[in-house]
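Annotated features in TrEMBL:
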TRANSMEM  7-26  transmembrane segment
TRANSMEM  117-135  transmembrane segment
TRANSMEM  147-171  transmembrane segment
DOMAIN    176-263  domain 'Wax synthase'
TRANSMEM  224-245  transmembrane segment
TRANSMEM  257-274  transmembrane segment
TRANSMEM  286-307  transmembrane segment
Amino acid sequence: MDEELKNLIKLWFSAIISISYCYYIPPRIKSGVPRLLSVSPVLALFLVLPLFFSSLHLSLITAFFLTWLANFKLILFSFDKGPLIPIPSNLPRFFCFTCFPIKAQQNPKSQNHLPKLVFAIKVTIFGVLLHLYGYRQNLHPIVMLGLYFVHLYLEIEIILTFVKVLVFISLGCDLEPQSNKPYLATSLQDFWGRRWNLMVPAILRPAVYAPMRRVSERRMSSGWALFPGILVAFIVSGLVHELLFFYMTREMPTGEVTLFFVLHGVCTAAELAVKKKTTVTKRWRLSPVVSRLLTVGFVFLTGVWLFTPQLRRSGVMEKFTYEAVLVVEFVKKKLFTLLGLGNIYDEF
């Protein structure tokens, strides 16, 4: 663990130097291909940084923060688009908005507060999940898969909440939420576009969806041109997830994850096509409870079918949960030691 922390410090030192370069040099270069070429060494560096970790968590977080989001933001930045335009007023802001999955609030509120009770409940449930893993041999495989999905959601929420709070304290600005209760989604469009991991669709819209829609509008009406844009955005998301899986498993992609996103892209497009038929939607309107059950159920079942098999075959899911338990114990031990209560921790 100590060695991984040293690698983490080296990584973020490299990231600070790289982002500082991107803040001072590329903006002086003409936007477009010339600026893209100027940031290409940083893009290449961010592609290889996750490979320096043996820890699944550190490798995955680095890949998500830098390889995926930061690289996409810098590519958009090269063409004067995306969340880095207009350029943040100072280097710390530029660094935070580049490297972390955060976005400045468009309509700042008078007060930005953390729903402490909800967060405490999520942390408590996460702690219970880690405890349940000790009884995994007595649990049905389907129950374990359900726990893995809940684990993934809660861990992402907890990590991103900590990041958001730290950035909020450092920058003193209101930030957009990272997710919006995805378990309450009433449709796939609602789940992927307005509730789950909101920074991702905020990047994919200008980077993939909008250009593809403009190209499609040359050959079809604007009303139908959105469907190729949706499908290509989901395909790109699938390919990026294949890369994330490679960082975790260090195995060649199998295509299952891409197929998962292609399926959801097709279903989302079909859902929008049905919604265009107002008479059909009025006749077959479902209650919110049924819509939520169908939506979350579809995401779960297709995830079990296509999203998790590679992780199960490689043993990553078990290693990921075991590592989470070790990380929690490591943090607890460090906290007890800092408080001068190391002897009490050893007694437990």
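Placement of Cβ uses the backbone N, Cα and C atoms for every residue, glycine included.
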>> If we skip the immediate neighbours and take only residues 6+ beyond the ends of the transmembrane segment (286-307), which ones have a Cβ under 8 Å from one of its Cβ atoms?
In response: 142, 145-146, 149, 183-188, 190-191, 256-257, 259-260, 263-264, 267
> Counting each residue once, how many in the domain 'Wax synthase' (176-263) are helix, strand and coil under DSSP?
Replying inline: 65 helix, 0 strand, 23 coil
>> Are there residues at least six beyond either end of the transmembrane segment (7-26) with Cβ under 8 Å to its Cβ atoms? List them, or say none.
In response: 35, 38-39, 42, 45-46, 49, 52-53, 58, 62, 66, 74, 77-78, 87, 91, 94-95, 98-99
> Which whole number is the mean pLDDT over the domain 'Wax synthase' (176-263)?
Replying inline: 90
